[in-house]
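See below for the structure under consideration.
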Amino acid sequence: MVTLGTAGTASARKMMLLGGGELGKEVVIEAQRLGVEVIVVDRYENTPAMQVAHRSYVISMLDTAELRRVVETEKPDYIVPEIEAIATETLLELEKEGFNVVPTARATRLTMDREGIRRLAAEEVGLKTSPYKFADTKEEYLEAIKEIGIPCVIKPVMSSSGKGQSTVKSEADVDRAWDYSQSGGRTGEGRIIVESFVDFDYEITLLTVRHAGGTSYCAPIGHRQDDGDYRESWQPQPMSDAALANAQDYALRITDALGGRGLFGVELFIKGEEVIFSEVSPRPHDTGLVTVISQDLSEFALHVRAILGLPIPAIRQYGPAASSVILSNGKSEAPAFANVDKALEAADTKVLIFGKGECNGVRRLGVALALGEDVTDAKARAIRASSAVEIEY
């Protein structure tokens, strides 16, 4: 039996999100629908998730003393990491002391850097991955480039949403890619991974939910990226039954190895019926924003249900759907959004404005979502809606 309380009272179940971006915002909303009291922690004020939370704290989550202080102050029932830049050693200690880290402190630690999860997937679980080498210095990086070969992909071991990531297509890109990897990652200069370029037909995100009743999968999500940063996604990604079965097998094996309950975003390359593991995050995935319109239970609702121990008897898809991001390309400390009415003129269309208080150059500020007759139609509808929105700087 699962008993839920009432926020703001002695019966409240308390959830603390470590990180408060647009994905965390949707998690907060879903948790509050079930009476959960939500606290958001991030490194700056007025993040999207803070705008809908009961309370918030501004700290560096890499500061072990500060992280421990806010956890011990609030004594949450669930600690839910949402970003990479967290003192994971402190989470391991807190878990040993009885706090519930979602999905587990070990899973959080392994997936917060690409080295931990790549070694788990390739060396322990036995999943096929691209050839890779790690490097701490430019000399090691140049040696790794020689061994892996060109073309290759360069990523900081601690980053997300394409930050610090680039593709080396020729010798002319080598120095630039190193410099960007050291300036663009979540935690500044540091260790990187050099990956061989993978020959694939398409890439998917397979949202995988570990819950009280077992493991469930959403329909596969296809997506398009620019320099590692998501721009469009669609669901379902057409694929053969054999390829889907292989993808689900990979997702099951890696999420079982990580353990705990919650939603995982498993990224896979598909070549014919062959599957190559890319990455996994133990939390909602940006490409999964499409599920806000495509499914009866969005990825955020699934995550919250799994965390709370609630049943997930089925995941129903409404039909082909797509998302298209709303991007800034200017500087503002108070961006506004014009023509939202035009974006929403078509039926089966939604617009989410994330609530990011400032932009300086290219930044995701929102997303348009649409259902369609098929995936191609849904993508066209989503792009029309996102293109209709004009950002005022």
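Using the three backbone atoms N, Cα and C, a Cβ is placed for every residue, glycine included.
Some features that Swiss-Prot has for this protein:
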type    : residues                                                                                               : note
BINDING : GLU22, LEU23, GLU82, ASP286, LYS356, ARG363, ARG364                                                    : N(1)-(5-phospho-beta-D-ribosyl)glycinamide binding site
BINDING : ARG114, LYS155, SER160, SER161, GLY162, LYS163, GLY164, GLN165, GLU195, SER196, PHE197, VAL198, GLU203 : ATP binding site
DOMAIN  : 119-308                                                                                                : domain 'ATP-grasp'
BINDING : GLU267, GLU279                                                                                         : Mg(2+) binding site
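Known features from Swiss-Prot, placed on the structure.
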residue: GLU22; record: N(1)-(5-phospho-beta-D-ribosyl)glycinamide binding site; DSSP class: helix
residue: GLU82; record: N(1)-(5-phospho-beta-D-ribosyl)glycinamide binding site; DSSP class: coil
residue: GLY164; record: ATP binding site; DSSP class: coil
residue: PHE197; record: ATP binding site; DSSP class: coil
residue: GLU203; record: ATP binding site; DSSP class: strand
residue: GLU267; record: Mg(2+) binding site; DSSP class: strand
residue: GLU279; record: Mg(2+) binding site; DSSP class: strand
residue: ASP286; record: N(1)-(5-phospho-beta-D-ribosyl)glycinamide binding site; DSSP class: helix
residue: LYS356; record: N(1)-(5-phospho-beta-D-ribosyl)glycinamide binding site; DSSP class: coil
Relative to the Cβ of GLU279 (Mg(2+) binding site), which residues of the same chain, six or more apart in sequence, are found under 8 Å away?
ARG114, ILE117, VAL266, GLU267
Which of the binding-site residues GLY164, GLU195, PHE197 has its Cα nearest to the Cα of ARG364 (N(1)-(5-phospho-beta-D-ribosyl)glycinamide binding site)?
GLY164
Can you check what DSSP calls ARG114 (ATP binding site), collapsed to helix, strand or coil?
helix
Please report the number of other Cβ atoms within 10 Å of the Cβ of GLU203 (ATP binding site).
19
Alpha-carbon distance [LEU23 (N(1)-(5-phospho-beta-D-ribosyl)glycinamide binding site); GLU195 (ATP binding site)] in Å:
27
What residues, ordered by sequence, lie under 8 A Cβ-to-Cβ from ARG363 (N(1)-(5-phospho-beta-D-ribosyl)glycinamide binding site) and sit at least six positions away in the same chain?
LEU327, SER328, LYS356
Which of these binding-site residues is closest to ASP286 (N(1)-(5-phospho-beta-D-ribosyl)glycinamide binding site) if you go by CA atoms: GLY164, PHE197, GLU203?
GLU203
Among the binding-site residues listed here, ARG114, LYS356, whose Cβ has the fewest other Cβ atoms inside 10 Å?
LYS356
Give the distance between the Cα atoms of PHE197 (ATP binding site) and LEU23 (N(1)-(5-phospho-beta-D-ribosyl)glycinamide binding site), rounded to the nearest whole Å.
29
For GLU82 (N(1)-(5-phospho-beta-D-ribosyl)glycinamide binding site) and GLY164 (ATP binding site), what Cα-Cα distance in Å is obtained after rounding to a whole number?
19
For the domain 'ATP-grasp' (119-308), mean pLDDT (0 to 100):
94
Give the distance between the Cα atoms of GLU203 (ATP binding site) and GLU22 (N(1)-(5-phospho-beta-D-ribosyl)glycinamide binding site), rounded to the nearest whole Å.
23
Among all chains shown, work out which of the binding-site residues GLU22, GLU82, GLU195, GLU267 has the most CB atoms within 10 A of its CB.
GLU82
Once the DSSP letters are reduced so that anything not helix or strand counts as coil, what is ARG363 (N(1)-(5-phospho-beta-D-ribosyl)glycinamide binding site)?
strand
